[in-house]
Amino acid sequence: MMIRFTEKEIEEIKKKEQEKVNKILENMKNNNFDLIQFSDAILLYNSSKFSDCLTLTEKLLKIKKEKTVEKENEKENENEDEKEDEKELEKEQKENEKENEKEDEKENEEEKEKEDEKELEKEKENKKEEKKEEKKEEKKEKKKEEKKEKKKEEKKEKKKEKKTQKEIEEEKEKELELEMNLLKGNCHYSLKKYELAQEIYEKCLLMEPKSVKAMINLGQTLTKQKLYTKAKEILEKALELEKTNADVLSGLGYTQLKLGEYESAKKNLLSSIERAPYNGATYSTLGFVLIQTEQYKNAMNVLEIAIQADPNSVSALTNLGYVYNMEGEFEKSKKVLERAQSLSPDSDSILSKLGFCLIQLGFHEKAISILEKATQITQEQDPVVWNNLGYACLQIDRLPKAKMAFKTSIKLDPQLHNPYNHLADLYTKIGKSQKACEFYQKSLKIEPKYSRAMTGLARCYVKLNKPDLAIQSYYNLIKLDPSDSDIKFELSNYLLQSEKKDEAVELLKEILISGSCNETTDKVKLSLSNLGIKIENIIISSQDNIKKNQENEKENEKEKENENECEKEEEKEEEKEQGKEQENEKEDEKEKK
């Protein structure tokens, strides 16, 4: 059963926690560290008081060090006491031996006196008595030895008990020290001091080489420092120790994503989800893997689950916004990205995606202000942001600003094809067709099958009155997409202008025969009728051609069937001949016998 609290109860819990935090901070101010425990440091960390938590853990570790030094001194004193005890024992043993010797002497003297008195009487029994005495002495010696052994055993048992208790205490102390160091590392990590966090986690692994917690935390800090291969090695070691640990699998999946190992990342993330189905961060990472492999619909489903698990996951919201953009669902993208921006107002990645979305929805002014903010946030400038900013400015004729943005984008990444294409569009807009051609060609060098640049280049050649190059560019476009009737119609019109009537007519016939019903086909019919060509004849001839093709296909099928039948008959005849040959061989063998 899930325990559900009312809003008042939640507020009371929060107040109590805050009161505890305030008490801890007061005790820290007043140096009352005797009243503070390690659990208080954890409470500060959970309350996002990272710097206070760090100072407290450092102080607690210092106190712990002092205590360990005291304990070591105590140990040395104990060892000295033990040595003294052993010496005393030896002394006691020697004294006991001396006393025993004295007693023996006394007994011997008494016995001698008795023997002197009874020498005559016990001459015959001397031998018997001697034997008895020997037995007595043996018994005495045995008793002495038994006493000594008992004492030794008792002391050994006491020492063992002390050792086992000490060992348990020492193990607990070591575990506590490890946990305190891990918390210290976590504080540095939360304060974005990744190098310091790395040092502490490495120290933790020296203390306990098989600490999976330390390995996971070290892996995370290394990924933050973009040391992905090193992080991968450490997390793989952790996976060897705990093969079903969901956190290890999730962390390893993230590093593999960063290294471009998408299939391995996907496998590890899915197995992590199997073991921990409610971890939103793992779903978010899996969604990003699916984006990289262009599985946008699957990514959409996964990221929606991630947001259900954690509604405030900025990465999941950002990636979902990107997927909606790629799928053309810009209204949904806008809602999701605005939510992400409210949680992380200074993220250039969110602002970039939101700016692109607003451009698609036609809110160019708003897009420009958001994209300008994105360019001012980080020192590492994003060429895509500058390209989107330029495109938004181009749409509302802010041409100088657009030109500057596209050139900045090209400077930042000369291998990005979009800014060249958009800069070419800008030059086309201001009537500089030759300059536009140059930039369309640059865009096509990077991305040879980019249809927008190909279309722009063809139209530029038309404006520059270069018919051969224009026609060739149009045919290249048609090769790229033979079903594009708009480009075919555009080319047919240009062919008519260039007095290439036959070619134009053939293209118009192709569009008409393709059977697509849209505005272009209506225009085709008009232009054909203007050229004096009857549309009915084209349709009839196309139908005749279709019928002929169908008949030819049927004839080819019949021929294939006949060929197959002939082959089957030939196979049957061959089988019969083989059977006859075998029978003849058998008859020959019988005759020989």
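Backbone N, Cα and C atoms are what each Cβ position is placed from, and that goes for glycine too.
What TrEMBL says about a protein is an automatic prediction, not a curated fact.
Per TrEMBL, the features are as follows:
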- 65-76: compositional bias 'Basic and acidic residues' (COMPBIAS)
- 65-169: region 'Disordered' (REGION)
- 86-156: compositional bias 'Basic and acidic residues' (COMPBIAS)
- 178-211: repeat 'TPR' (REPEAT)
- 212-245: repeat 'TPR' (REPEAT)
- 246-279: repeat 'TPR' (REPEAT)
- 280-313: repeat 'TPR' (REPEAT)
- 314-347: repeat 'TPR' (REPEAT)
- 383-416: repeat 'TPR' (REPEAT)
- 417-450: repeat 'TPR' (REPEAT)
- 451-484: repeat 'TPR' (REPEAT)
- 545-565: compositional bias 'Basic and acidic residues' (COMPBIAS)
- 545-593: region 'Disordered' (REGION)
- 575-593: compositional bias 'Basic and acidic residues' (COMPBIAS)
Other than its close neighbours in sequence, what residues sit by the repeat 'TPR' (212-245), given a CB gap under 8 Å and a spacing of at least six beyond its ends? 178, 182, 185-186, 189, 194-195, 197-198, 201-202, 204-205, 251-252, 254-256, 258-259, 275
Any residues 6+ beyond the ends of the repeat 'TPR' (246-279) with a Cβ under 8 Å from its own? 212, 215-216, 219-220, 223, 226, 228-229, 231-232, 235-236, 238-239, 285-286, 288-290, 292-293, 309
Averaged over the whole of the repeat 'TPR' (178-211), what is the pLDDT? 89
